[in-house]
Amino acid sequence: MTGLFQLVSSYSPSGDQPAAVQKLVTNFHAGIAKQVLLGVTGSGKTYTIANVVEQIQKPTLVMAPNKTLAAQLYGEFKAFFPHNAVEYFVSYYDYYQPEAYVPASDTFIEKDSSINEYIEQMRLAATKALLSRSDVLVVATVSAIYGLGAPEDYLSLRLILSLGEHIEQRQLIRHLTELQYTRNELDLVRGSFRVRGEVVDVFPAESEMEALRIELFDGEIESLSLFDPLTGQTVRKLQRFSVYPKTHYATTRERTLSAVDTIKDELKEYLELLYGRNKLVEAQRLAQRTQFDLEMMAEVGYCNGIENYSRHLTGKAPGEPPPTLFDYLPPDALLVIDESHVTIPQIGAMFKGDRSRKETLVEFGFRLPSALDNRPLRFEEWEVRSPRSIYVSATPGSYEFRESAGEVIELLVRPTGLIDPEIEIRPVATQVDDLISQINACIKLGDRVLVTTLTKRMAENLTEYLSEQGIRIRYLHSEIDTVERVEIIRDLRLGKFDVLVGINLLREGLDMPEVSLVAILDADKEGFLRSTSSLIQTIGRAARSVRGRAILYADKVTRSMRAAIDETERRRQKQKEYNAENGIVPKSVVRPISDILEGARDGVEVKSKGKGRRVDEVPADYGALNQAEIAAQMKMLEQQMYQHARDLEFEDAARIRDQIQRLREAGLG
């Protein structure tokens, strides 16, 4: 089923938003390929894009630079489009150690990974939505440029079921196993099916909560329905349903056997090359590893590391780019690149790092040369595959300006009337003493302070010194994982401490209305952390407070500082003029402090058959868990949920299911 994008919001566009939406939509319909949306912090860039999506009515891919921002955008778009398919496509690895070889120490490191099955389910849901409906918006990271199964294989393998269709049960089961579904008569879990008489139950790999029941009679589909796999309760009847493969890498038996033949040919050719170079150890190693993989593929259809043979499985020529999420997009889709000044350089860097590691594996006989084609897209390949695009940033880079050829739409006026922070320059010599007095002044007003330094050592020393002065302060460093980072930011907003010190973690996507002062130490030291873009982004962290200020501690004004100050002043001037013309009095953003890690903090009291009552052990504070541990916790709870279902304790099973759902949302952070 497909419909139209329907934006749900209690607000209507204001400030620069109506003009920006109109211009972006007009340019899109005119066929303009690249546009820039230059939007200041708090100007409603996400809401503006949501309005554009509603008006153009095209499938949309939104790319973010990291999982944290992707999760934030996913939540916002999900709220804007509750009746449409808003999907999430990020790396499904909680932990990933790629295979590698270190020649200097003759050390081979085996691939080791931990897959988050909930993220995998969301990835499958994203590709299914792209192939089956037009009202779909996918939020992704650079994971979107990595190799995926070919969409034509994914589509050709699907099992299309219709009411009244003739299909033998044995034929149905065979097709499900080709889709890599496993038969499980005890637990109907995601990616499995069970057979009871003439009823076949299937739990689609991309489904979050609903399973499919196929009722046959005399070789004919008599009934199709979705049901709750926990309670068995029917959710709704269906006329038609498509079961998609359990994995993006599923392929036909014929294609697999064909790939085995071409891999054998490549192996023979490369072994001759290695023997010719007198690399006997490498040749023996390669022959042994590859022959084992070939036997596994011929017998069971897959092997560990099968992605290294993806070129053979997809029938691509050597050097051809792999199929990616971009191949699932229709030609008329819209691509939105959020924080483009960070995301675009990331896209260019992915290929180079991947290539050097694999070249070493090939050279020393751990992989065939075709493994080099299991890779992310090169930057130029990504450019070719990108549909019409909008680059969104407060500080677009030179690439975005060049590609958009002057099509820059500005979003400088905030709906709240807030103006950009006032900037002051103060001397370096007295920066610490001055900073203490500024912090104390902010604390008296109940405000918070962000301080950014150049080095880790300076951040640590400053944190220690200010703490000795009685200031409640925390240090946000690169070793802190995503979940703990969110907890620290929440604690700052709650007032558990007043000052947050960081190096390069205080720029994009931090929404803290309580922060009224940003202090940038050693602002005159030119470099990546003190570039024009970095300075503007950091200054913008104080833009959600009516008392927002930025202090740059510097002995001279560098070119980057001058550009950042001039641009901020230009924006302030336009914002002041708009407020004066419309009689708007600036007021700070008021945003509730929601605990995104809430839920599942309390023990769930349930009954265990024959064992009296028990309380399932649930950690009191998920801030202490990383994403891998959260995934393990969800897996444990899921096992308990299915046990309750088998014991016919459906209320208890449903309660744990709700807990898993809250945990899953927390894990997206």
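Glycine too: its Cβ is placed from the backbone N, Cα and C atoms.
According to Swiss-Prot, the protein has these features:
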type	residues	note
DOMAIN	26-183	domain 'Helicase ATP-binding'
BINDING	GLY39, VAL40, THR41, GLY42, SER43, GLY44, LYS45, THR46	ATP binding site
MOTIF	92-115	motif 'Beta-hairpin'
DOMAIN	631-666	domain 'UVR'
Neighbours of GLY39, VAL40, THR41, GLY42, SER43, GLY44, LYS45, THR46 excl. site residues, C-beta within 8 Å of centre, ATP: THR48, ALA394, LEU411, ARG414
Among GLY39, GLY42, GLY44 [binding-site residues], residue with fewest other Cβ within 10 Å: GLY42
Cβ-based isolation winner (fewest other Cβ atoms within 10 Å) among the binding-site residues THR41, SER43, THR46: THR46
Within the predicted model, mean pLDDT of the domain 'UVR' (631-666): 74
VAL40 (ATP binding site), number of other Cβ atoms within 10 Å: 26
Per-state residue totals over the domain 'UVR' (631-666) - DSSP helix, strand, coil: 33 helix, 0 strand, 3 coil
C-beta crowding around LYS45 (ATP binding site), within 10 angstroms: 23
The motif 'Beta-hairpin' (92-115) - residue tally per DSSP class, helix then strand then coil: 3 helix, 15 strand, 6 coil
DSSP-derived structure type at THR41 (ATP binding site), helix or strand or else coil: coil
Assigned conformation of THR46 (ATP binding site) - DSSP reduced to three states: helix
